Structures are given as structure tokens and as C-alpha cells.
Amino acid sequence: MGLTISSLFSRLFGKKQMRILMVGLDAAGKTTILYKLKLGEIVTTIPTIGFNVETVEYKNICFTVWDVGGQDKIRPLWRHYFQNTQGLIFVVDSNDRERIQEGAEELQKMLQEDELRDAVLLLFANKQDLPNAMAISEMTDKLGLQSLRNRTWYVQATCATQGTGLYEGLDWLSNELSKR
């Protein structure tokens with residue numbers, strides 16, 4: 001009985017913990033997104049070698065967000081962060097048409113990993129403020145998202161430097177993860 005009351009109390013008043021992995025090709029805007037969410041401001045970034053990890057509190061949920069570098073030489077290390085990941089944020093530079101296929105291949109490779117089979121996928125279509133940014137429908141097509149079966153996914157248009165779309169993405173993520 002005591003356990004039931006305490007678990008109910010923590011559900012009503014406690015913060016829910018969620019482990020989120022944020023990956024994507026280099027220069028997609030992952031670190032800018034992380035610190036815009038954490039600090040509410042733009043920070044000067046350099047290419048991430050390794051990872052950044054921060055706790056972002058939003059709507060009574062503590063998201064532990066792992067921002068892992070995206071250079072091709074360190075992508076094989078991504079798999080070391082897969083364990084216990086509940087949500088996967090894949091960040092794509094909407095303006096980078098030349099590398100969208102490379103992004104699609106990396107995403108498909110990751111989604112085949114057994115440790116990520118239960119993770120929900122949030123795709124941040126970043127840099128939507130740029131004039132030649134791909135539309136969401138075009139990105140969905142080029143990334144092959146329609147072919148994903150047995151996977152909950154969502155594409156959110158974002159602009160990390162302005163903060164546009166970031167919290168809408170977290171809303172979707174928290175709603176999906178709270179169903180589990």
C-alpha cells in the first residue's frame with residue numbers, strides 16, 4: 001500500500017526522468033539546440049569531439065540529453081550511447097541537400113540497432129530559416145521515414161538559433177514517452 005501511494009505521489013508531483021540521445025551529421029546544429037534548450041540562449045560552438053550531456057527540465061520532465069559529435073570518424077562511437085535510450089533526436093540540416101542521403105543512411109543504420117528498437121524518433125529538420133531549406137515533406141521522403149514500420153516518429157521543423165520548433169518537439173517527445 002505504501003509503495004502504491006508513494007509511486008502515485010511521485011507520478012503527480014515528481015519529475016519524470018528520460019534519457020534522450022541526440023545525433024546527426026556534423027554541423028547540423030545539435031550543440032546549438034542543446035544549449036538553446038538548456039540556457040535559452042545561443043552559445044558559440046565548435047565541432048563536438050566526444051559528447052556534451054545536459055539535463056533539460058521541461059514540463060515536469062527531466063530530459064538527460066546526450067549530444068554526440070557527428071563527424072564521420074566518430075559516428076561508430078554512437079552505438080556506445082544507445083543503451084537505455086528512450087528517445088532519439090536526429091538532427092538534420094534542412095539546407096544541406098548534398099548530404100541528405102548520407103544522413104538517411106546513418107539514420108537507417110541506427111534504427112536497425114537492437115538497443116534502439118523501443119526508442120521513439122524525433123527528427124529535428126533544423127535551419128528552416130534558410131531560404132533553400134527543404135520542406136518537411138521532401139525531408140520525410142529523402143530520409144525514407146514513410147518506410148519505418150513499428151516505429152513511432154515525428155518530424156519537427158526547427159531553427160535552433162531562434163529556438164523555433166524546439167519546445168514543440170519536446171512536447172511531442174514527452175507526450176509519446178509518457179504513454180509508455
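Every residue, even glycine, has its Cβ placed from backbone N, Cα and C.
The model shown is predicted, which means the values in this text are computed figures rather than measured ones.
Positions annotated as N-myristoyl glycine by Swiss-Prot, on the basis of similarity to another entry: Gly2. Residues or ranges marked as GTP binding site by Swiss-Prot on the basis of similarity to another entry: 24-31, 67-71, 126-129. For Ser147, the entry in Swiss-Prot reads phosphoserine, with the evidence type similarity to another entry.
Packing around Gln128 (GTP binding site) is summarised by its Cβ count: 21 other Cβ atoms lie within 10 angstroms of its Cβ, all protein chains included.
The binding-site residues recorded for this entry are Gly24, Lys30, Val68, Gln128, and the Cα of Gly24 lies nearest to that of Ser147 (phosphoserine). In the three-state DSSP scheme, Gln128 (GTP binding site) is classed as coil. In the three-state DSSP scheme, Val68 (GTP binding site) falls into the strand class. Each of the recorded positions Gln71, Ser147 was scored by the number of other CB atoms within 10 Å of its CB, and the largest score is that of Gln71.
Long-range Cβ proximity for Val68 (GTP binding site), meaning a same-chain Cβ under 8 A and a gap of 6 or more residues, is found for Leu21, Met22, Val23, Lys30, Thr48, Gly50, Phe51, Ile74, Leu77, Trp78, Tyr81. Ala27 (GTP binding site) has a Cβ environment of 17 other Cβ atoms inside 10 Å. The 10 Å shell around the Cβ of Lys30 (GTP binding site) contains 29 further Cβ atoms across the protein chains shown. Mapped onto three states, the DSSP output places Ala27 (GTP binding site) in coil. Here the Cβ of Gly24 (GTP binding site) has 23 other Cβ atoms within 10 Å, regardless of which shown protein chain they belong to. The residue listed as 'phosphoserine' falls within a helix when secondary structure is assigned with DSSP.
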